[in-house]
Amino acid sequence: MTRYQTLFSHLRQHQAGAFVPFVTLGDPTPELSLRIIDTLVQAGADALELGIPFSDPLADGPVIQNATLRALQAGVTPERCFALLHTLRAKYPQLPIGLLMYANLVVNPGIDTFYRRCAEAGVDSVLIADVPLEESAPFHAAALRHGVAPIYICPPNADEALLQRLANHSQGYIYLLSRAGVTGAVNADLPPLRHLTQRLRELGGAPALQGFGIRVPEQVRAALDEGAAGAISGSAVVNLIAEHLDDPDQMLRQLHDFVQTMRAAARP
C-alpha cells in the first residue's frame, strides 16, 4: 500500500479523519522552515502539504503570497526545496508528503525530470494548482511513471461528468474545495458538500480532503460530517508564522497548539 492508503485505512479503522497542515517550504528561512515542519509533525499532523515558492501564485491569497515572498527573499529555490524534502523523508519515513505548486516549476526542469526528482525525494503526491484535469495528460503520465500520485481539485459546483473523471484519475486523495476563490478568505460557514463526497465514493474515487477556509476545529468536524476523509488548513497555519516572525519559539508553540487542537477535532 502507498503511504496515503495506509493512512486512510488506519483512520477508517478508528473512525477518525486526517488533519493536514500546509506550509511553504523555506518560509521564513530554510532553517526555521524545517523546525516549523518538525513541530507540525510532532503535534500530530497526519500528512503534510508543502508549497514550493513561485513568483506568481495565482490561486493563493495574501497570506500565502507573503509566505512565498519571504521564502524567495531568503534565497529559497526548487533545489533547496528538494534538499529539504530529502531531509524530511529521512526523518519521517511513513508520513505522506504532498506538494502543492504551479505548472511553471514542473515544466521548467522538464516534466519527467521533475517527477523523477519527486520520487527520489520521497514525495507521495503533486497537485498542480493551475493545470485543470482536462489539460493534465503529460503531467499525469509522468507522475504515474515515477510512482507519484497526481492530485486533482474537485470544485463545489462539480457536475457528474467531472466527478466521474476525478474518480477515474484520482490517486492518493482528491482535493475538495470548500468554495471557489483564492486561499485564505474568511468564511466560517462552509457549504454542504456531502453530495460530492458521497458520489465520489460511489464512483470509487480516492478519499476527499477538504481545503480552503479551514481555520477552526468546528470546520474540521463539519468537513468530516459532510463525508470528507479529512481537512487541509493552509492560510491559518501560515498566518501563525507571519504573526510571530520576531519570536520563533512563540511561533512554534502556537503552531503546535493549533495543530494539536485541529487534529483532535478530527478524532472521535
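Here the Cβ of each residue, glycine as well, is placed from N, Cα and C on the backbone.
The feature active site, proton acceptor is assigned by TrEMBL to GLU49 (among others). If you draw a 10 Å sphere around the CB of GLU49 (active site, proton acceptor), it holds 24 other CB atoms from the protein chains shown. Following the DSSP three-state reduction, the secondary structure of GLU49 (active site, proton acceptor) is strand.
Residues annotated as active site, proton acceptor in TrEMBL: ASP60 (among others). Under DSSP, ASP60 (active site, proton acceptor) is assigned to coil, being neither helix nor strand in the three-state scheme.
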**Request:** Work out how many Å separate ASP60 (active site, proton acceptor) and GLU49 (active site, proton acceptor) at their Cα atoms, rounded off.
**Result:** 14
